[in-house]
C-alpha cells in the first residue's frame, strides 16, 4: 500500500508540474497576443484575456464530470413552485411601480449560421416581416405604454453581432423603449493538441475570425459588471433583470412572477428565479434543477457521468428542464461579482474549423450560477413560455396560424383544440431560411396538424391545409409539388408529383 500511495503521490506531482507548465506557456502566448493590441483596445483586450486566464486555470484543475451522482437529490417540494400558485396571488394595484424596478436583458450573441443566415440571429424575420428584435421591442413598448413605465431593454451582444445590431437599433430611436447594449468577452480558441491559443494577435477580422469566440452566456455576470451598465441601472433604482434568449419567443415579461419577486409572500426576497417547464421527449437533453449539497443546482447533460446519462434523460425521474428564462437581483450580481464568488461549471465545447483543425472553447452557462445566489427558486411555468426558434421547423410553427401575434407576443390560437404544438421535421432541403421560404408559397393551415415530416425536394403551393399526420417524402431525383389549395389529412405522399403550369 505504501508503494501504491507513493506512486499516486508521484503521479499527482507529475500532473501538477504539467499543469504549471501549460499555464506558463499559456501566459507567454497571451502576453504575445496582448502586445499586438493598439492602445485604444489595450484595456479591453487585457480584461478579456484576464478572464480567459482564470477560466483556463480552472479548466486545468477540474477532472472528469463535475457532479457526484450519489449526491444528486430531488429538489424539496417548496423549492419549485407551480406557476398557478404564483398567479393565484393576483397583482397589486401599483403594478407600475413594480415594473419600474425591472430591466429586460436579451442574450443576443448568436449568429443565424445554423439557419443559413449571415449576421445576428435576432435579425431573422419571424412573423409578418418582424424580426426577433422587432418583436422584443414591441413587447416592451406595449408594457411601457400600457402602464406608463420605463422598462429598458439591454442586449448582450458578442463581437460577432455587435456592429450589425447597433446599425439596426437606429430604427427604434423613436420607440418608447430605452435600449442599451454591452458586449460579452472575446476569448481565444485553443488548439486541442497543444492547449495553446491559435490566435497570433488581437485582431478578429478576416482570417482571424475563427481564432476567437464568445464564451457562452455565463459570461453575462462579468461583462455586465465590467461594462459599467450594472452600476448605472442600480443607480436608476432598478432591482431585477429578466434574462432570456432572444430566440425564445415565449419569454415575455410576466407580471405575476415579477410581483412574486418584489412582494414575496414570506417577506424574504429571492435573488435568483429560474423558470422551468415539464420535459417532453424532445427535451431530454435539457438541463434540470436538482438539490445538491443543500442548494438548488442546475445539472447539464455534459456534467453527468457516462453511466448515468440514460437516467438523466428519463422523463419520469427528472420531470423538468431549464427554459433559460431567469430573474436575477442586480444587487446580488454586484455583490457576488465583487467577491469573485459566482461559480459556474466549465463547458468544454469541441469544434473543428474549416481547415480541419480541432479546437476547444471553454464556456459557461448563465443558469449554472444559481447555486451561488441566496434563496433561489424554480417556477414551473406553462410550456407556452418556452418557444425557441432554433431551426426552420420551429420557424414554420411560429409563422403559421397556430399562433396569433399581438403587441409583439405570440399566443396559441384559440381554434387549436389541444395546447401542444405539432411535431414538425423538415428535411435538409429546408435548413436554410432562404430555401425554406422559397419552398412555401404561403404557410399552410396547421391548426389540426399533429405531425409533419417532409424530406427531399418538396414545394408547397398557396393555401395548403395539413391535418393529422402528414408525411411527404421525395426520394433522390424526385420532386413533389403540393398543389395550391390541397388538403392533406393523415396522408403519406411519396414518389414524383409535378404540377405543371398550362
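Placed from the backbone N, Cα and C atoms, the Cβ positions cover glycine too.
If you check TrEMBL, you get these features:
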type	residues	note
BINDING	121, 184, 216, 247, 390	UTP binding site
BINDING	217	substrate binding site
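Features as recorded by TrEMBL, highlighted on the structure.
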residue	record	Cβ contacts under 8 Å, 6 or more apart
121	UTP binding site	110, 111, 112, 115, 132, 161, 246, 247
184	UTP binding site	109, 156, 157, 158, 214, 215, 217, 219, 220, 223
216	UTP binding site	347, 349, 363, 364, 365
390	UTP binding site	114, 247
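Cβ neighbours within 10 Å of residue 247 (UTP binding site), excluding its own Cβ and spanning all shown chains: 22. Pairwise Cα distances among 121, 184, 216, 247, 390, the recorded UTP-binding residues, top out at 21 Å. In this view, residue 217 (substrate binding site) is surrounded by 26 other Cβ atoms within 10 Å of its Cβ, with every protein chain counted.
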